[in-house]
Structures are given as structure tokens and as C-alpha cells.
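Worksheet: the structure to be examined is printed underneath.
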């Protein structure tokens, strides 16, 4: 198979868009990707499907004079969203959609892979088609399962995320944090239920929960550096069964978002302190569950990111945009905590929609523009 053309990449993207699958269920997507990859020039390609993560694909391109292995990651899963675009290539899987643009991500990766399979790079290139970015922390699972060992271990790692706010094909990046880290919060208050007329014989968890919720609102404003940024949102509270019975149990669910891992751990500790205080003050049991999984802040490596930005800024064919941090989460942050690297935005020119929207409709011109910009950077990075 020759280098994939723009029209071929668009057709691939449209087929991928038709077959979205949820985290760790990406069998049809995996098989379609593998069929395309096996059609590339295999002279210096090694393809690996890890048993530990069977919908993942690793492709290693052997360099002509390798000094390092450069990794490139793309995610492959979709979201439980009912598509409303009315496109002729809309999702054929009810209730599931590529509403975060991972079909664009995969198409760009295939474009890069097809080019370097025909034009042997100087350094080794490792392509990682990752399942389960939207949930289940596929990047963390891959690392902990040891699939990046031996010749499949990257010395540096790169990855993109589409951005509908940026023009099609524009590249956005910044030094420091690109995406926030996220942690799921579950708090269970366990007291004693009773008749509404006799509160002295009960232990009201609703009152305690109200106090705890108000105290949690002070964590960001009074415990976090105001120059930094963090968010705690408590989006769900469940308690009681009827108006005249004091609730013996209350559950609070929410999310933490922070721009550095240090900040997230600081917020975690403050929540622990507050929950312990409420437990003592109201004489009840308070269980706090914090689940970050692999959704660490995406903290770009300073040296590699300076190099990436410099190339993109000085390439007249690239529309480069210096971006601000986003409070959305991305599990590539876990991998960037293990390997130095850079994540960046690829504009897809759909400003009237947003990520995770049922109406997301990326401009397909972004695919070939993304391929060309990243291909140029990788060639430059290898010193060819």
C-alpha cells in the first residue's frame, strides 16, 4: 500500500465514524485498523497486539540509524452519545458516537504511519493505538501491564487532541499543563435515621452533608494558590426516602480538577481532613473515596515542548496558536508522567459545537493538515 492520500484518509475516517465503540469494547475498530496497518510496507514494521490489552495495537517502525524511539499515541474509543449530526456516515451503533473526535485522531495516526512505512525514518517510531481513553484509564492500564517494555519502550511520547474551537489544521500547544487532572469523589455519610418529630433520637446525615458541602467550597478559595486553578464540583447528592423521616445515610458525588498532580494531592488531603472533621463534629461515620485512575494532569515536558512549539511557529505552512490550559481530562497525562513528551491540539474548525456534543462535525481538511504538520515535526526532530 502506498502513502495514504487525503481522500483515502477521509474515507477511513468516515468508516471509523460509523463504527464507534466504548472503552475496552473496540473490537470492530481494532480489526479495521489492523487490516489497514497490515497493508502497509512491512519491511521495517513490527506489529504487536498485547494479550493484556487485546484491542490495543503497537506498531514499531525500525529506524535507519536509530538514536532513540519516538512514540506517538492515538486513542480509539468513543462515547455513549446518541449522534444528531444527520451525516450520511453517522454512527451505525445506537447510542454510541465518536463525539470526541477520536476518528480524526486515528486517521491522522494512520496517515503518519503510512508515510513512514514507505519512507524509513532515522529513529525508531512507535505508534500506540490506545483503547479506553474516555473511561477505564487505558493508558495507565497499558503501562502497568508492561506493554512498553523492551523495544516497545519510547524515549519520548507525543499525542494530539482535536479542538473544534481552532481553525481546521491549526496546531495549539503550550508549555506546562495542557489538560487538568481529574479525580472522582464519592462521600458516604452514615448516621442514624429516625422520625422527623424526634431528631434527638437520630443522627441527621443531611444536616452534616450540608455543612460538609459548604466547607468543601472553601478548599479552592482558601487552600489553593490563587494564581493556580482548580475546580471541585459536587454534582450529585442522594439522601432520604420520605419527607418525615430523618435520613440515616447521605451520598455525595463529585469531581476534582487541578492543573498539577501536586495540586490534586493537596485537594485530596483537604477533603480527607474535612471529612474527618465532620465525622467527629456530627458523631457519624464518613467514608471518602477518591478515584483518579490514569487521569493525571497533562504536563508537557519543558524541553521537548519548546522544541515542538519552535518548529510549529517557524513552519510557514502551520497555523500555530498558543493555548491556555483546559479543565477537561485526558489519560495521556499518566503516560507523560512516565515518559517525557508533549500533547497538543489539532484544530478541526467546528466552533458551533463542542467536544462530547451529539452535533460534533469536524472539518475533514484538518486530517491531512495534521498529518503534514506532525510529519514535518517528526522529520525535523530526527534531524533528517
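Keep in mind that glycine also has a Cβ here, set from the backbone N, Cα and C atoms.
The active site annotation in Swiss-Prot covers 75. The Cβ of residue 75 (active site) lies under 8 Å from the Cβ of 102, 105, 130, 131, 133, 134, 138, each on the same chain and at least six residues away in sequence.
Look at Swiss-Prot and you will find 134 tagged as active site, proton acceptor, backed by sequence analysis. For residue 134 (active site, proton acceptor), the count of additional Cβ atoms within 10 Å of its Cβ stands at 21 [all protein chains shown].
In the three-state DSSP scheme, residue 134 (active site, proton acceptor) is classed as coil.
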